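Notes for the one structure printed next.
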Amino acid sequence: MVHFLKRNIELIAAIISGLFLLIGWLLSENSATPIIFLVAFVIGGFAKAKEGITNTIRTKKLNVELLMVIAAIGASIIGYWLEGAILIFIFSLSGALETYTMNKSKRDISNLLEIQPMTASLLQTDNSTTEVPVEELLEGQFILIRPGEIVPLDGVIMKGVSTLDEAAISGEPVPVEKKENNPIFAGTINLSGALTVKITQTSENTLFSKIIELVQQAQTKPSRTARLIERFEDTYVKIVLFTVGIMLFLPHFAFGWDWTETFYRAMVLLVVASPCALIASVTPATLAAISNGARHGILFKGGIYLENLHNIPAIAFDKTGTLTQGKPVLTDIYLEKYVSPAIIASIESKSTHPLAQSIVRALDTDILPDITVTDVPGRGVKSTIANQEWRIGKDDFVGKDSASAYTDKYNSALASEGKTLVFVSCSKEIVGVLALKDIARKEAQKTIQSLHALSIKTIMITGDSQHTADTIGKELGIDSVIAECLPEHKVTRLLALQKKYGAIAMIGDGINDAPALANADVGIAMGEGTDIAIETADIILMKNNLSKLTFALKLSKKLHRITWQNIIFSLCVIGLLILSNFFQIINLPFGVIGHEGSTILVILNGLRMLRLKA
């Protein structure tokens with residue numbers, strides 16, 4: 001109950017202010033009426049007056065809260081207590097609604113925090129369990145997760161089979177089956193079988209913790225439009241006060257209005273010219289969009305990135321791990337008879353490249369001890385064994401002409417199937433070639449089609465040969481392909497694309513994508529990518545689901561429309577009310593209703609972002 005009252009204090013104050021307003025109106029002929037209205041003033045206006053004065057002192061800038069307080073005091077001075085009370089009531093009500101909107105995404109984060117378990121069942125050597133605080137658990141320890149329990153830390157399943165609800169991190173409502181050696185993430189819910197899990201991340205480093213931290217940071221990074229309006233507020237308020245100052249005297253001398261009418265119209269102007277609706281046009285809608293994105297497994301690191309995404313004309317994709325599953329399969333092996341697969345597996349075992357790891361798994365042979373391997377990024381690996389230099393990698397790493405001659409019989413056929421060729425040389429002589437195929441993500445083609453429907457150009461950047469890259473690009477419907485691109489050249493290529501299209505987004509998942517992600521107008525990382533890619537990117541697609549990209553664009557474009565609807569509507573209302581006041585068409589109550597009503601409407605319009613579905 002105390003928590004509810006604390007969370008809704010502004011709304012409660014507005015309601016109580018409204019009740020005193022109603023009592024004052026019903027007792028309009030009573031001598032106690034001004035006191036009742038004064039109580040309504042204090043209860044409804046205290047929070048806003050305090051906020052306005054505090055912000056003015058802290059920032060040395062004027063704000064709309066001060067305008068409203070001055071207008072209410074001015075109305076009461078000339079005896080319009082009812083109108084002043086109406087102003088305070090509706091202003092406090094719209095403020096409560098705006099606060100609700102601002103806190104909506106924060107409450108979503110609080111809900112995420114609440115589902116994190118405080119303790120976990122630590123497995124002992126005798127298979128008994130002990131309840132231990134989550135923050136005390138260490139990497140490498142084993143925990144037991146029973147059916148119905150929330151996973152406390154990231155880890156790998158060592159024993160057991162179950163289905164898990166991963167909606168908290170992926171936004172997907174469909175349970176996912178998990179078995180031995182599968183990764184498991186904090187914040188997900190174990191739905192069926194008991195699981196023995198080896199911890200891979202401590203509590204502060206889990207994927208779930210990163211999600212919470214990123215969304216919290218996003219709330220403090222306003223969009224470019226929001227920052228522009230915030231900077232404009234101080235200047236606008238000064239203009240309004242200057243105009244009101246003129247209005248206090250000019251109509252009396254120019255049009256013959258009496259002093260009471262002149263002062264009254266100045267107070268109405270103070271109310272209707274206030275930019276409350278304009279200020280509320282952007283931020284509530286942006287926070288609602290960020291909150292909706294988080295629920296659907298899309299993390300925006302700030303409103304500015306959500307805003308930038310709406311007018312992106314082209315998107316560049318890394319291939320491996322982004323358009324493809326990043327788990328290449330060895331399909332063809334051509335080796336000279338004297339070449340031992342153990343040598344190839346031993347050299348490749350020292351590399352972290354996905355192709356190398358796939359080769360080692362497929363060859364499934366003994367690994368030679370004590371060999372030294374040199375990794376040449378983007379090209380291959382080399383090692384000296386028994387005084388012979390072995391090289392495994394691209395054709396230009398082992399000798400392009402020799403590689404081409406070696407593979408004349410089947411090179412084109414393999415490449416046309418979208419396979420990547422890895423060559424093996426010994427003492428500068430080609431002794432073998434391996435072909436691997438990385439399967440395209442099942443949602444990749446549909447995502448590319450959706451982007452084309454939005455008139456967005458698609459580009460694939462890959463280190464593969466031109467023939468192989470063209471085959472994959474054609475399969476997925478990519479507009480253009482940049483092949484044989486070394487990691488260090490990705491930024492150069494991206495900057496050229498930026499110059500061509502004006503702005504570009506880049507989506508990737510690996511360490512070699514990080515510089516390009518940082519240089520793109522909008523950097524997008526796959527959620528299961530490397531830490532550096534996730535840290536560098538502006539937007540993260542959780543669970544490596546490429547189809548989320550389409551919804552991110554949908555959110556951004558919808559937010560852009562709603563924001564400009566709000567801005568245009570609020571400016572039109574302000575202009576109409578100012579003219580109506582100048583021609584003495586409206587009185588203070590209607591001015592208050594028109595002004596504060598427009599503020600409430602733009603906030604409610606922004607809240608529509610919460611209802612947008614994928």
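Placed from the backbone N, Cα and C atoms, the Cβ positions cover glycine too.
Taken verbatim from TrEMBL:
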| type | residues | note |
| --- | --- | --- |
| DOMAIN | 116-216 | domain 'P-type ATPase A' |
| TRANSMEM | 9-27 | transmembrane segment |
| TRANSMEM | 33-50 | transmembrane segment |
| TRANSMEM | 62-80 | transmembrane segment |
| TRANSMEM | 86-103 | transmembrane segment |
| TRANSMEM | 236-257 | transmembrane segment |
| TRANSMEM | 263-290 | transmembrane segment |
| TRANSMEM | 567-586 | transmembrane segment |
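Among the stretches 9-27, 33-50, 567-586, the one making the largest number of Cβ pairs under 8 Å with the transmembrane segment (263-290) is 567-586.
Long-range contacts of the transmembrane segment (9-27) within the same chain: residues 33, 36-37, 39-41, 43-47, 81-82, 85-86, 88-89, 92-93, 95-96, 99-100, each at least 6 residues beyond the stretch ends and with a Cβ under 8 Å from a Cβ of the stretch. Looking just at the domain 'P-type ATPase A' (116-216), the mean pLDDT is 83. Summarised by DSSP class, the composition of the domain 'P-type ATPase A' (116-216) is 20 helix, 36 strand, 45 coil.
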